[in-house]
Every structure is written in C-alpha cells, then in structure tokens.
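A.B. asks: According to Swiss-Prot, the record shows the following:
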| type | residues | note |
| --- | --- | --- |
| SIGNAL | 1-34 | signal peptide |
| BINDING | His70, Trp74, Tyr75, Tyr101, His137, Tyr237, Ala269, Ser270, Trp297, Lys302, Ser303, Glu304 | substrate binding site |
| ACT_SITE | Glu175 | active site, proton donor |
| ACT_SITE | Glu263 | active site, nucleophile |
Amino acid sequence: MFSKIKKINFFKKTFSFLIAVVMMLFTVLGTNTYKAEAATTSFGGQLKVVGSQLCDSNGKPIQLKGMSSHGLQWYVNFVNYDSMKFLRDKWGVNVIRAAMYTNEGGYISNPSSQKEKIKKIVQDAIDLNMYVIIDWHILSDNNPNTYKEQAKSFFQEMAEEYGKYSNVIYEICNEPNGGTNWANDIKPYANYIIPAIRAIDPNNIIIVGTSTWSQDVDIAADNPLRYSNIMYTCHFYAGTHTQSLRDKINYAMSKGIAIFVTEWGTSDASGNGGPYLDESQKWVDFMASKNISWTNWALCDKSEASAALKSGSSTTGGWTDSDLTTSGLFVKKSIGGSNTTSQTSAPTFSLQSGTYDSAQTVTLTSSDNDSVIHYTTDGTTPTSSSPVYTSPITISKTTTVKAFTTKTGMTDSNITSAVYTISNTDPVKQVSAPTFSYNQEHTIQLKL
C-alpha cells in the first residue's frame, strides 16, 4: 500500500496525543476446508466373502456381471477407457476381467509390455468406478507351479500398486489342466501366492482356479484354503458343460465355498461352435439364482462364436446391435444392457449462485438412488477421476463448483455449476498508534 505523510504541528507546550488508524487486512478465513477422497471404489464398495456369497461392503450379497478380455497380447485394443465406459453406461457392466496369458506371447516372454497393458486397464477401471479382475491366465502351461516365482513377483507388484483400491480382484491361476490336481499342485501353489498378496493387501478378493480347466470346484470344496475373502472359479461353455457342472457348483456352495465364474461362453469349449443360447440361458438363470458373479468370454472381434463383436467393430465402444454377434446380443441382454439407456439426473445444489458476506456450506444431492456425484471446486470440468462428493463443501472464498452424477447402467448426467462470491469477510482491525511527546514541531511519517 502507499505511504501516507501527515504533518502534525506541535505547540511549545508539551502535550500527548493518540492517533487511531483504521486499516483493512486481507486474511484467510478458517482452514477446515472439506477434503474429498478420490473415486476409488465401485458401487459395492469393499467386497468380502460371507459364507458362500460374495457381498458388498455392508455384507449384502452382490452379483457382478461383466466381460472378460481375450488374450491381451492379441486383443488388448478392445479394452480401454472408452470401451469400458460404454459397457458400464450402456450394458450395465460393473466388472472387467483382464486376461493376461502367461505363455503364447504373454507375460513370460514379454513381462514389461504385458504388465503395462494390465496397469492401464486397472487404472481405467478405477477411474470408471468399476471392479477389475487381474487374471494370471495359465493355459498351455497346465500347472500353475511352472511359473510360480514369476506369479509371486507379479502379484506382489500389483498388490503394492493397487491393493489400496477396493476395485481390484486377483485371479491367481486361470485354468489348471493336463493332469494338474488340487491337493498336490493347485492348493500348494495358492498357499505360496496368497500369503505374498496378503502381506501387502489384506482385504481384496482372491480367486483361485481349480483342476480340469477350473471345473472341479467340488474337489476344492472338500479341501478348502484357510484364508478370508477367497473365492474359487468355475468355467463353463454352454455347448459342452451342462447340468452335471451345475451340480458340482451346488455341492461346492453347500460346503460353504464361494464361486465366481470368471469365464464362460455361449459356444462349446473350443470357443467356437454354436452359440448354444438355450443352454446359455439355463446357466444365466442358475447364476442369478445363486448370486454367482460372472464375466463372459470374450470382448473381441475374433471370428469365433464366443466373441461379442463382429469383425471390424469399433475398439472404443459405441456399438449398436448391428455390431454385435449373436453371442454379444445375448450377453448384453443377460447383463441388463440397452441401447436406450436413460440418463441419470444432474445433481442439485443447496445454495444458488450469488454473492454472500460470509463463508457458506453447499450440499449436493441426486434424485437417483445409488448414484455417485463427482465435482470440482477450481472451475475445471469434472470427470470420473474427480473427487466423489461425500459431505457438504465449505466455501470460504470466491469459488466455482461444477458437478455431475454417474450411476451404473445409466449415462452420466449433464454437468451443472454454481459460482459463489464471498465478500466483506475481511475483518476490520483497529490499531492504536503510540503516544508521542515533543516540545517542538515535528513531521511524523506513518506507513500503512
């Protein structure tokens, strides 16, 4: 501020005087500003296993439904932020499985590139508020112990980087086969890998494959693992596997273990032939009756019956029914998706835009149950990576709030905003000048 000079005449007679100075001080008001957490969890929150059921954070049984990728070394281009967002909004998908093969040009021969593909998919799922299965896709290697050291190192790294996110699910061995058995091979492998993950991530779900291409869940049920939040996978293809495999699942669940069908197809076990929609419907109805979560094989345009997309389809979503195969149409309907998905309602602000003379509190609400509000307070456009609204926002200075609503199975709302100007909040402070005594005239300079 500028200096103000004032000449003050003093008479020879000694006297005292008091100078009152009023000045405006710009101060920052209270520092208890609301801090939001990032969007790190899907609609069910922290998953857990209760008895034979996968449950949400409140202990309520939940059924996840979604898509599995094909091998990432071949069809990773179909699994990206845009395609996953489309599946979430248009089909109602809430889980994605990233199938990272060990052999056939997969992780063992190309660890760095395959790991980067997995990381991109996992981060996209987190940003989209979806669950994601990290699949160690053993197949031609038959026995999970073949690469158990690489598996341990890989899952430790995944747990270190993503274990804090409840979106993440670990699948530690896709389809043990070729004479590999539960007691001598798979269970010892699981007892080696699971503690390595649990030392870093104590809570997220771990899924374990079973013998005979993950069909022998009944054998695992008679000799289960002794850890919490463990599930066992059963894989089926409708043209090959029918009631006898459902009987195995019924038995396993009656023994108290939880099942997650991380891979199933409308085709026969080769991935081609069919699709067999009548038997597929029996399976879909069965899984719904048991609250068994599932991911369908496969999100790709490969020329085989189990592929969801026709050859040459877009890799970034936006698919209409004409882009889908017979299998893709069936699976979309089974998940609950529609190409006429409604839009969720925009959030409502408790306080209108305007000028206020003191700090204000703003509440954001949505008329859609189970929806999530993302917002910003710096004037930037909010995205699904922006903070999730969980409690009132304190406005202590001029602020632009922008927000939108998301809900699984619906398209995102329009972005709404409000501008709040806070004025006259700077306190006026009265400062007393010192007392002076002179016996002759002086000039005093006051600096404000």
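Glycine is no exception: its Cβ is also placed from the backbone N, Cα and C atoms.
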A.B. asks: In whole Å, how far is the residue listed as 'active site, nucleophile' from His70 (substrate binding site) when you measure between their Cα atoms?
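C.D. replies: Rounded to the nearest whole number, the Cα-Cα distance is 10 Å.
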A.B. asks: Would you mind listing, in sequence order, the residues at least six apart from the residue listed as 'active site, proton donor' in the same chain with a Cβ closer than 8 Å to its Cβ?
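C.D. replies: Correct list: His137, Ile138, Leu139, Gly209, Trp213, Ser214, His235, Glu263.
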A.B. asks: Going by a 10 angstroms cut-off between Cβ atoms, which of the binding-site residues His70, His137 has the sparsest surroundings?
C.D. replies: His70
A.B. asks: Find, among the binding-site residues listed as Tyr75, Trp297, the one whose Cβ has the highest number of other Cβ atoms within 10 Å in the structure shown.
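C.D. replies: Output for this query is Trp297.
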A.B. asks: Around Ala269 (substrate binding site), how many other C-beta atoms are within 10 angstroms of its C-beta?
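C.D. replies: The answer is 16 other Cβ atoms.
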A.B. asks: What three-state class does DSSP give Glu175 (active site, proton donor)?
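C.D. replies: It is coil.
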A.B. asks: Under a criterion of Cβ-Cβ distance under 8 Å and sequence separation of at least 6, what residues of the same chain contact Ser303 (substrate binding site)?
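C.D. replies: Counting only residues 6 or more apart in sequence, the Cβ neighbours of Ser303 (substrate binding site) under 8 Å are Ser311.
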